[in-house]
Each structure stands twice: as structure tokens, then as C-alpha cells.
Number of protein chains: 6
Amino acid sequence: MSSSSNAGPALSHLDESGQVRMVDVSGKASTQRSAVAEGRVRMSPEAYRLLSAQENAKGEVLNTARIAGVLASKRCAELIPLCHSLPLSFVGIEFFPDDGASSITVRATCRTDYKTGVEMEAMTACSVAALTIYDMCKAADKGIVLEEIRLRHKSGGKSGEWSND
Amino acid sequence: MSSSSNAGPALSHLDESGQVRMVDVSGKASTQRSAVAEGRVRMSPEAYRLLSAQENAKGEVLNTARIAGVLASKRCAELIPLCHSLPLSFVGIEFFPDDGASSITVRATCRTDYKTGVEMEAMTACSVAALTIYDMCKAADKGIVLEEIRLRHKSGGKSGEWSND
Amino acid sequence: MSSSSNAGPALSHLDESGQVRMVDVSGKASTQRSAVAEGRVRMSPEAYRLLSAQENAKGEVLNTARIAGVLASKRCAELIPLCHSLPLSFVGIEFFPDDGASSITVRATCRTDYKTGVEMEAMTACSVAALTIYDMCKAADKGIVLEEIRLRHKSGGKSGEWSND
Amino acid sequence: MSSSSNAGPALSHLDESGQVRMVDVSGKASTQRSAVAEGRVRMSPEAYRLLSAQENAKGEVLNTARIAGVLASKRCAELIPLCHSLPLSFVGIEFFPDDGASSITVRATCRTDYKTGVEMEAMTACSVAALTIYDMCKAADKGIVLEEIRLRHKSGGKSGEWSND
Amino acid sequence: MSSSSNAGPALSHLDESGQVRMVDVSGKASTQRSAVAEGRVRMSPEAYRLLSAQENAKGEVLNTARIAGVLASKRCAELIPLCHSLPLSFVGIEFFPDDGASSITVRATCRTDYKTGVEMEAMTACSVAALTIYDMCKAADKGIVLEEIRLRHKSGGKSGEWSND
Amino acid sequence: MSSSSNAGPALSHLDESGQVRMVDVSGKASTQRSAVAEGRVRMSPEAYRLLSAQENAKGEVLNTARIAGVLASKRCAELIPLCHSLPLSFVGIEFFPDDGASSITVRATCRTDYKTGVEMEAMTACSVAALTIYDMCKAADKGIVLEEIRLRHKSGGKSGEWSND
């Protein structure tokens, strides 16, 4: 009686026998899609202070992390096995330092005109930008934590608008 | 009076003027080094249940994530701008599902005999494995969170053993 | 008197002077295209038996090979010099073990909506999946053979349906 | 009673529970190693004739295939999930056309001074060179077959000399 | 009074606060675009003579450089951080040896049907082809110079035809 | 009487029959090696002025170009077909703006402890950093020229010190 389509959400990357598969988007139309992912890099007050103390330091670190995030989003389909390659119309990486919490929030925004969503591109851009901040500050604090990396917003495609605030 | 070496930890990827740089490891000897990173993928009980309900599903998802993590660790220096390319002797990815918390902990272990540490390789392997789980389960829960990605242990090199438990 | 168009099939990647070139697809329309390639991995009965004897072994090996094949198809244009980069709508890798022959047939199916065919993507996916099986079984049999890798079917584009059974 | 070490060859990329793993080479010494792989590209007499008829054609096709094979061997660890990245000392690709059989044998030789063998690098170089020949001749014959891709020789490491002639 | 749009050309990859960004092409229509870049490899007469003296030498060197240039153009967006990934319809690399000047001019032509121009793809193809010639001739002359790499022509898109002769 | 070793410099990437080959470095010892390459990006006074006028602009552009150059040097062996993969100990990119000439000189320094030189890594880093400056300033001046890219210095290996000033 019940079928997978009745049963609510399913794992789209698994077929009936539980084997992995790429989702077939042959029949889908291209639409404008966007996704926003966010995560936070939390470090010790000492490491955070060092980032602010040296001339240019924070700007150079964040620009480097931004470049790393943009480049990673373009290579998302090489990293995440079942992602489709797609042409990104835009990738933006923003940083929101929080002096009180010694943390930096990373926000990645991706857009495409294509048949599938860009959630993974945004999540990957956010993660790699955060990893780059970790790399550049780890000499001061090996225990830096990447936390709360999650999708914040998506639009376009069958599921339309979705937000998680 | 104070110099950067007296001032405690510094940001090794920035020179005196605050510009980014790759650390010069020309003079360093190769030693056995290892690093362990961990992170957690927390999903809704419904998504977690789906992962367990279908035949083979969890095994296939986790094997796919493992492969993605291993491959990413080998390409770490392409993703993280100031990392050195290095020959990994070993990469291992383990998963620790927690049925009660609807979460899966990802542990990545990397080893090398080289002049620099493998923290970034372990952190990158862990992050990409977690992103792959996100990708394969996002049809059931777009709000899956990657949390507490951090270095747990490192050994080898000048700083010796370091743990964060 | 004779021209290359009269002379039957030509080598499209060579110009009049015999120098290599990428085919210009500027004027072509995007259509739905697919290609299926197959090849066979033939190993010793001993190696084949080992693959079946250990818990999970065949499933893990084949899932790893499937992931490798899917990833390779997405990077086909990086490997095959004169291939066009194109957005794959679907990649599927299936395995058909033949216990009697100690062999596994690998079938790769690729689809796109684009201006050129996806034969090379299917052939590359099939080859890399087969190479991955070789890699994971070579400790038991260095003499494993990859055989009869060929295109089985293509559809779409100017030449329409083509089969080789 | 029997253990895996008594039982003869095992699948080195699987642990006791049958899950995939990268082999740990941390403790191994670097030694000179080499591997030779061969495979054959068999085409229709018509396609083979075209390859010989046009000025420069065969030379340009084979040089292109050689370059593709060399480049692929250097990226073997990106393609084959559980391969170790290693520094190749030498990669050579040779071609042996057989006019009577309308086929070209591809031989790839790889060398390294490292802790693991270069079988996969040679097998990958051979396969990608063969795929490139297929790509450049497929306009004349879609049914070209890659056949008998196998390891021919290896030396160095624990298992020493091995040949398959 | 004045705004950036009045002020003539601006740096499109910088936002108002001077931070780098990828240009958003979400709203743009795909059109046929092309770009031609040229550069020159100037070597010593001795090195140039060697290139001509040995059987096949110049042809093999230039074919290798051509392949390298074509492959690099397809990976332009991986190299140049703020470039968009795009599907190239055509890449062509031509060489114009000048015996008197002991130099070889490299011309790269790229075409796409997409929302952004292909200047960077052509510039990158030209540069990497020139670097490959350098690599293959540097044993004879380490002082080889790459000179006057520049865009020669572009068409398509908002700015239409542009030439620089 | 005469042999290739008597005949002065030869093209090391070509064998006796003029076919391309990778140089075999199996027998060579690792030594400390370095290479410095320089090139110049010359733009219109108007474009150069824009680069200086906007807040942060020059710093952000040059940091982006620096990151691109560092990343490219690590992938040199993927771009230049006959280069050996090698582990870089250091990559540094410096910029020397010349306000009077509206140009920026790019200097790339690479170091390794390996069997072959790092000239190509330095040349590639310099070229890709220069291309990135071009990309970020081309909206203001499509006619920007990359000029005089050449090796300035190398040390280590059989040929010892070499300078070109």
C-alpha cells in the first residue's frame, strides 16, 4: 500500500536496494536557485587577539579564506561524490567577527541557473573557508572549533523557499 | 624587549607586515607525524531513522563518505591555500553512530613521514566526509548540522604530543 | 575531386594538416544524449573467492569502485585532452558478477543535455571503476585483466541511436 | 586456527570487518620500484587506415595519448580512492602499432623511490592513453575496443620481481 | 555627484569596500563569445636551432604545448580565483615560429555560449602553452622569455567586438 | 665521434627519435633547490590609478593573486605535462608596484628538497599570479600585458647557481 513516495522524505541518493546513485536530472528544467550556508570558527581569546593585533592580519586571513571558499565551491562536484557539476553564477563569502565570543561566522552564498540546487556548493564553500581560517590561526590555538555549519536558506527548484533561522 | 618568539604563539602564515605566506620548511627533518580530527553530523530523528530503515543504507552512505574523506585528505593542499603538499602514509575514517542523539561522529586519522604536520589533512577529511553524509541525507532533512569539528590529537614534530579531549 | 566529407568517416580531432584540434561545437544545439559503456574485470578464482568470503567485502569493493567511476566521469575532460567539459545529468555504475568466470562486468551509463555526446564520460567511468576493482584485489592477484572495454549504446545527437551488442 | 596471514593472499584494502581502508605504509622504507602495464586498442581496419592515411595523423594522435597517459599517472591517487600519492621518478608511454591486427598496444612504465608500488600508476597511465586513442578515432569507429589491460612486470618492494608474460 | 557608473571603468571584482567578489551573472543571457590571446616565447638562437635540428622535435614540442594549453583552458576557473566555470565550445592553439627572431608566437582561441567572456580561458591557455615550451627547451636555455602575453580580440557580450592589434 | 653530450645542450624531454619523454630521475639524490621567476603586469595609467584609488583595492587584488600563484605552483605538474610532482618546501610571491610605469612586477620563489629543480613551479606561480591581476583589472583595461616572464635565479642540483640579471 505505502510506497516511498507516500512515505514522506527518502534518501534520494539510494535506490530501492540501498545502493548509492546519482539523482537523474535529465528531465528537469533550469531555474534560478540560491543557497546560503553558515558556520562559525571559534578560537581562544588569545588567538583571536593575535588576529587583530598584527597589521593587516585579519584582512589577509579573511581574504585568503574567502578565496579558498570560492575556489572550493567551484570544485564541489569533485569532492562530494554524488553532486552534479553545475555552472555557478555567483559565489560570495562574508565574515562576521564577534569580538566578545572570539569567533568568526562564515556565510557562503551560491547561485546558479540550473537543474539542481546549490546547497552543497554553499556548504562546501563555508566549510573550506572555515578550515582555511583554522589553518592560518592554528599556530596560536590548535583547539579552534568549527561549529554549527548548516544551511540557512535556499530558493528555487521544486521545494521553493526554505529557511532555517 | 619582546620579540615574536617571546610573545608566545604567533600566526605563522603572516609575515612581519601582515601579509600571508607559506611557512618555509626547507630546513626541517622528516619525522613520523599523525593527527586525529573529529566532528559530528546531527540530523532529525526522522532522517536518522530513514538511514537505518532501508536495506544497506547506512553502510552505503558511510562508505561513500569514507571514500570522499580519504580522497579529500589527499587533495588538502589544493583546497587550503598555504598547506604544503605531502605524502600521506595512511588515512582512516571511522564513524560512530549515536542512535539516541540521531548523530554520527566522524573521526579522521592521518599519518605522514614528513616535515610538517597533518592536522589540516585530518580536519579536511573529517569535514568532507561529514559534508558527504549531509549531501546523502539532505533530501530527508535540509537542516542537518555539522558540529564540533576539531582536532583531537596530534603527535610528531617540534610540538610533540597534543591532545584535546 | 574527393573531399573529406565524401571520403566517409574522418578523424574529427585532426585538421587538414594532421594537427590535433578540439571540435568546435559553437553552433550545435543541446539535445538529450546518453551513452553506455561496458568492460570486464577478470581475476583468478582465488581472488574472486576472497572477494566473496569476507563479510561485506564485495559490497564495499564495488561501492568504492562505483564512487570512483562516478567521480572520474565528472572529470573526464581533465583526463581526455580534446573532450569538452559538459554537465552530466546522470551517471550510473552497475556491476554484474559472474561467479563461473571469476569476473565482474562493469556497466557505466551517462546522460547529458548538451551539444556533444557522453561516450567518453561513460568509457572513462567504466575504466576507472574497473581500475579501482583491480587496485582493491591486486594483493590477491596481480594478474587481473581489464578486458573488452567498449561502447555498448549511444543515443541523441546527429548520429542518433547506435548499439553494439 | 587459520588466520588471514596463514590463508595466503588477502584483500589488503579491507579490514577485519570488511570495511575499506587505506593501507598504512608509515613504517615502510622507500625503495626503487617500477611497474609496466600494457593494453591494446583494437579498431576497424577502416579506422586504422584513416589513422595512417592523413599526414602526421598517427604521430599526433599517439603523442596526444602519451601526454594524456603521463598526466593521468601523476593524478592516479585522485582517481583511485585508496592509492597513496607518491612522487613518480619516471613515466614512459610507448606504442606498438600492429598493422595486420588494426590495433595499437600501449605500454606504460612508471618508476618511483617510495614505500609503495606503482602498479596503479602504470595501469592508469595505460588506460587513459588508450581512452585518448579511442576518443580521437571514435568518429571513424565507435566500436573500438580496449582489451587485455594488465600488469606485465613489477620490481622493488617486499614482493620483489614479478612478471606476467 | 559622481558614482562608480559615471566614473568610467571600475574593478568589477571589488565591492564598495574594496573586498574581492565574484561578479554575479545570474541575470545575464548566454550569447556566443570568443576571445583570442597571444604571447611569444623567445629563446636563444642555439635553443631554437636545437628545436629544429632533431627529427620531429618541433612538432612534438608544439603538440605537447598545444595539449597543455587546451587542458589548462578547461581548468581556468580552478586557477583564476574569481573566474566562472563555463563550458567551452572550442579551444584552439596555433603556433607561429619566427626563425629570424628565434621565437614562437602562441595564439589561443576560445569560444563559448555562456553569460561571461572567455578572455581568461584564452589568456590561460596561451600562458600554459608557452610555459610548456619553456619547460621542454629549458635544458638548452634557462633564460627563455615569455613576452607580450595579451588579449588580441574578443567578441560577444555587452562590450561587443574589441581588438588590440 | 660526436655524441649528444658533446654537442652541447640538448632538449631533455625528447628521446633520440624526437619523441617526448619525462626525464628519468630515479638515480638522482635529493638536494636543496630553489628558483626565482619574475614577470611584469603592465596596465594603462587609468587602470593602475583605479587599483590605488579604492579603499583596500590593491591589497586585496595582490593578496588574491598571491594565493592563486601559491596554489598554482602546487599543481604545476598537473599543468605542465612532463614536470615531476614534487613536494614544495616554500612558495613565496612578492609584488613590486612601479607607479611611474603603471606596472607591477611579480616575483615567485620556490624551494624544494628533491631530485629535480623548481624552475617550472616558480614560472607557473609567477604566470598565474600575473593572470589573476589581469583578471581583476581587465574591466578597466582589456589590453593589460604580461611581459618579460623569465627565470631570474636557480640554485641546487647539478648545474648549481645560475642567475640572469
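Even glycines carry a Cβ here, placed using N, Cα and C.
Pulled from TrEMBL:
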- C:ASP135: active site (ACT_SITE)
- C:LEU82, C:CYS83, C:HIS84, C:MET120, C:GLU121: substrate binding site (BINDING)
- C:22-157: domain 'Molybdopterin cofactor biosynthesis C (MoaC)' (DOMAIN)
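Where TrEMBL records a feature, it is marked here on the structure.
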residue	record	DSSP (3 states)
C:LEU82	substrate binding site	coil
C:MET120	substrate binding site	helix
C:ASP135	active site	helix
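Sequence-distant contacts (6 or more apart, same chain, Cβ under 8 Å) of C:CYS83 (substrate binding site) comprise C:CYS76, C:ALA77, C:MET120.
For the domain 'Molybdopterin cofactor biosynthesis C (MoaC)' (C:22-157), DSSP puts the residue distribution at 50 helix, 46 strand, 40 coil. A mean pLDDT of 96 is what the model gives for the domain 'Molybdopterin cofactor biosynthesis C (MoaC)' (C:22-157). In this structure, the CA atom of C:LEU82 (substrate binding site) is 27 Å away from the CA atom of the residue listed as 'active site'. Those recorded positions from the list C:LEU82, C:HIS84, C:MET120, C:ASP135 that have a Cβ under 8 Å from chain E Cβ atoms: C:LEU82, C:HIS84. The binding residues for substrate are recorded as C:LEU82, C:CYS83, C:HIS84, C:MET120, C:GLU121; their greatest pairwise CA distance is 12 Å. Between the CA atoms of C:GLU121 (substrate binding site) and the residue listed as 'active site' there is a gap of 21 Å, rounded to the nearest whole number. Of all Cβ atoms in the shown protein chains, 22 besides its own fall within 10 Å of the Cβ of C:LEU82 (substrate binding site). Cα to Cα, C:ASP135 (active site) and C:HIS84 (substrate binding site) are separated by 28 Å. Sparsest Cβ environment among the binding-site residues C:HIS84, C:MET120, C:GLU121 (other Cβ atoms counted within 10 Å): C:HIS84. In the shown protein chains, 26 other C-beta atoms lie within 10 A of the C-beta of the residue listed as 'active site'.
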